[in-house]
Amino acid sequence: MKVDQLSQKEETRINAQPNILMKKARTLPVYVCRNIWKVGKDDPRRVIHALKVGVALTLVSFLYLLETLFEGVGQNAMWAVITVVVVLEFTAGATLCKGLNRGFGTLCAVSLAFFIEFMAEETGRVYRAVFIGATVFLVGFMSTYLRFFPFIKKNYDYGVVIFLLTFNLITVSSFRVQNVLHMAQERLYTIAIGCGICLLMSLLIFPNWSGEDLHRSTARKFEALAKSIEGCIDEYFHDKDDKVSENKLDGSIYKGYRAVLDSKFSDETLASFASWEPRPTRHCHKYPWQQYVKLGTVLRHFGYTAVALHGCLQSEIQAPKSVRLLFRDPCMRVASEVSKVLVELAYSISNRRLFSHDALSDHLHEALRDLNSAIKSHPRLFLGSKNGRKVTETKHDKASSAVALPSLKTDTSVMLQWKSNRIADQPKNSSEQKQLRPTLSKLAITTLEFSEALPFAAFASLLVEMVARLELVIEEVEELGRAAYFRESTASDELTIKVKIDNMRQDENSHDLHTHEVHRIVD
């Protein structure tokens with residue numbers, strides 16, 4: 001009977017496969033078109049870059065298609081096409097880096113190949129082969145060893161590879177092929193034509209600057225961290241009845257700090273390419289792109305506190321609601337002031353003006369003192385004793401509508417009883433043992449002696465650590481402003497910041513009034 005049921009299920013599954021394939025075939029074009037539209041909508045510059053590459057390839061293909069141009073360059077016209085495909089990148093800095101590396105590497109290789117050919121020309125065939133082999137070995141060894149130097153690896157690695165490849169092609173081919181140096185000269189010309197077209201398309205026609213991308217991404221990281229911190233505070237001090245909104249909030253928090261933590265490679269790459277670009281200022285001073293990398297490093301260290309705050313939301317042991325409501329206002333004020341400072345830092349970087357944090361710093365330290373005073377006003381709450389809990393609950397019973405604090409188990413009798421039962425009733429198989437291990441872990445956690453406010457103490461300590469690390473971020477932003485010659489703050493800038501901060505405070509106050517009204521109705 002079971003065999004018949006299995007065969008029927010297998011037959012049903014096989015018959016359903018054509019329908020599934022037909023459904024996927026119908027939805028595939030829609031899926032592909034949607035993704036194509038999404039990629040272009042996320043960054044319209046991608047569409048422009050694709051058009052630029054198509055135009056550049058069309059221009060260099062005329063060297064092969066038009067008879068007059070083909071007679072001048074011959075078969076070597078294909079090297080111009082290869083150069084455009086390899087060199088033309090999304091940003092101007094990347095194109096300059098690869099184009100100049102390719103051109104300079106090819107020029108050095110051709111020059112050295114000419115010199116080797118001149119020296120080996122008067123020797124016999126056997127001595128010439130030995131001389132070419134020894135030269136190829138020495139050049140290959142020295143070029144490869146140079147690639148291990150950090151400065152060469154970072155800036156000229158592609159040029160060294162092109163030099164090694166071109167030199168070996170020309171030098172080895174010259175032993176069998178006649179007039180190979182003339183062919184190398186024509187190849188150099190076609191590569192120069194390809195590099196010139198790439199630089200023309202990248203620098204003059206809708207250019208994308210690596211420095212601007214690095215500048216904008218740095219400002220966006222500050223805003224993303226501010227949203228993550230606000231999301232953590234909102235989720236920690238509010239009810240979690242709506243699971244859908246809670247999942248969306250978790251996703252926005254994770255997305256915010258992940259953009260900061262995953263930015264190390266992109267920051268270093270953009271800074272390296274930006275150093276190849278023309279000077280973005282009138283005075284033509286060296287722009288401190290590496291200072292952006294240092295700022296990104298400090299900002300990632302600050303972002304770790306946002307990760308830890310998010311980890312407190314996911315913790316198995318949470319502080320009671322009454323404890324959280326007791327310290328809700330000072331904690332939210334500290335987090336709000338931290339977010340305002342981050343927004344101000346993002347504004348100062350994006351507008352290239354010096355950061356002025358006197359008023360913001362005063363508000364931030366005032367909020368930190370309020371949190372410290374609130375914690376010191378309830379010392380018994382963090383001691384974990386039953387008497388302390390009773391005193392604290394009696395003291396604040398009229399001040400808040402919080403319920404009595406639940407007490408955790410503080411004796412070890414439960415653990416001893418569980419162990420004795422485990423010895424008496426041993427499981428018969430390994431699957432039962434695996435199922436009992438989580439039970440042991442939870443019992444071990446619940447029988448520890450600690451205060452109900454200990455999880456909140458960890459959360460509050462992270463807020464204080466966040467303020468301390470924020471000072472380091474502010475110092476790096478000020479250093480960047482001095483090194484990059486940011487302009488002084490004007491009255492209009494101060495007014496814009498003041499309006500932005502006032503709007504944030506009004507939104508916060510309206511949000512607090514709405515939350516208080518909701519809690520009053522629920523109570």
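Each Cβ is built from the backbone N, Cα and C atoms, and glycine gets one as well.
What TrEMBL records for 47-66, 78-97, 126-146, 158-176, 188-206 is transmembrane segment.
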For the transmembrane segment (78-97): best-contacting stretch of 47-66, 126-146, 158-176, 188-206, by Cβ pairs under 8 Å: 188-206
The transmembrane segment (188-206) and the transmembrane segment (47-66) contact flag, 3+ Cβ pairs under 8 angstroms: yes
Surrounding residues of the transmembrane segment (47-66) on its own chain - C-beta under 8 Å, 6+ positions past either end: 40, 73, 77-78, 80-81, 83-85, 88, 90, 190, 193-194, 197-198, 201-202, 205-206, 208
